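Colleague: One structure, as structure tokens, below. Some questions next.
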Amino acid sequence: MGPTLTSILLLALGLGTTLTFASSHWFLAWMGLEINTLAILPLMAYYPHPRAVEASLKYFLTQATAASTLLFATTTNAWFTGQWDILHMTHPLPASLFTLALALKIGLAPLHIWLPEVLQGLDLGTGLILSTWQKLAPFALLVQIYPANSTLLIILGLTSTLVGGWGGLNQTQLRKVLAYSSIAHLGWMVLILQFSPALTLLTLFMYLIMTFSTFLVFKLSNATTINALATSWTKAPALTALMPLILLSLGGLPPLSGFMPKWLILQELSKQDLALTATLAALTALLSLYFYLRLSYAMALTMFPNNSTGMPPWRFQTSQTTYPLAVSVIATLGLLPLAPTIMTLLIH
């Protein structure tokens with residue numbers, strides 16, 4: 001695939017997300033989601049490997065199912081209300097179908113089965129797009145219809161935090177760990193969506209930055225398994241010293257940046273008299289924190305034998321990856337002191 005075709009596909013990804021953001025009509029929003037899906041499929045199947053082709057097929061079938069359910073829900077809503085406007089999703093039946101369709105699109109539990117397998121079959125660059133950019137358009141629609149599905153959103157959120165923490169405990173493949181991490185973070189976002197959309201956007205913003213940093217570090221060190229993380233010290237010692245902070249920030253360990261959205265979410269749930277929900281969410285966060293600690297231990301406290309696998313590379317890395325990585329790492333580690341300012345901007 002040449003640079004021209006890659007640029008066209010990336011522009012199509014941006015066009016699909018922008019179309020969904022800007023649309024007030026269900027058909028245009030659905031069209032934007034479909035453009036997104038069709039644009040990422042050639043990127044997923046770029047490497048002629050059976051796992052990549054299998055992942056592309058699974059992703060296509062999943063997204064086609066979600067798109068069909070989405071179109072059925074919007075048609076049903078137009079039948080009940082006579083409106084095709086996104087803000088007129090008032091009937092509980094199409095609203096529930098629409099929420100489940102979007103949950104399937106982004107990989108919320110219990111509709112998450114496809115996400116770890118698809119992400120495992122992709123390279124880290126395409127996996128980064130799937131874990132970050134592809135979440136934006138469905139979330140833009142979820143934010144607009146959230147008041148109609150309060151109980152369903154809480155169930156999806158708690159189930160996702162539990163499955164995301166539990167499923168990542170016994171994984172040795174880094175891409176599957178990041179997939180379950182994505183499921184858990186999406187659960188936190190959906191859990192607070194109906195009470196504070198601004199807090200959901202803050203959590204999504206923090207998740208995008210931390211996941212971007214994590215994928216770029218793994219891509220720079222060319223690591224796809226936990227055992228491969230042990231060679232990081234010999235390749236990039238300074239970056240390996242910072243990486244456990246990024247991983248623990250993903251787990252929400254205080255006083256790192258990832259703790260900020262989790263703490264604010266628990267505080268808001270307590271204000272809404274949902275103390276039991278907040279307690280369950282906090283307990284499931286401990287599961288996620290465990291496998292982040294496991295990755296941190298493998299990366300920072302174990303040393304691979306000094307053989308040809310663990311020797312430093314003979315040439316320097318190009319700046320194409322290191323510049324975005326430096327910016328994202330600084331943002332990941334420095335956003336906690338800016339929490340009051342960020343919340344003020346989001347609310348006002």
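Each Cβ is built from the backbone N, Cα and C atoms, and glycine gets one as well.
For reference, TrEMBL lists these features for the protein:
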DOMAIN    23-287  domain 'NADH:quinone oxidoreductase/Mrp antiporter transmembrane'
DOMAIN    289-343  domain 'NADH dehydrogenase subunit 2 C-terminal'
TRANSMEM  59-80  transmembrane segment
TRANSMEM  92-115  transmembrane segment
TRANSMEM  152-170  transmembrane segment
TRANSMEM  177-195  transmembrane segment
TRANSMEM  201-221  transmembrane segment
TRANSMEM  233-254  transmembrane segment
TRANSMEM  274-293  transmembrane segment
TRANSMEM  325-347  transmembrane segment
Colleague: Count the Cβ pairs between the transmembrane segment (177-195) and the transmembrane segment (59-80) that lie under 8 angstroms and are 6 or more residues apart in sequence, then report whether there are at least 3.
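Modeller: Answer no, regions not in contact.
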Colleague: Decide whether the stretches the transmembrane segment (274-293) and the transmembrane segment (59-80) have at least 3 CB pairs under 8 angstroms, with pairs required to be 6 or more apart in sequence.
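Modeller: No, since the transmembrane segment (274-293) and the transmembrane segment (59-80) share fewer than 3 Cβ pairs closer than 8 Å, they do not count as touching.
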Colleague: Which of 59-80, 92-115, 201-221 has the most Cβ pairs closer than 8 Å to the transmembrane segment (152-170)?
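Modeller: Between the stretches 59-80, 92-115, 201-221, 92-115 has the largest tally.
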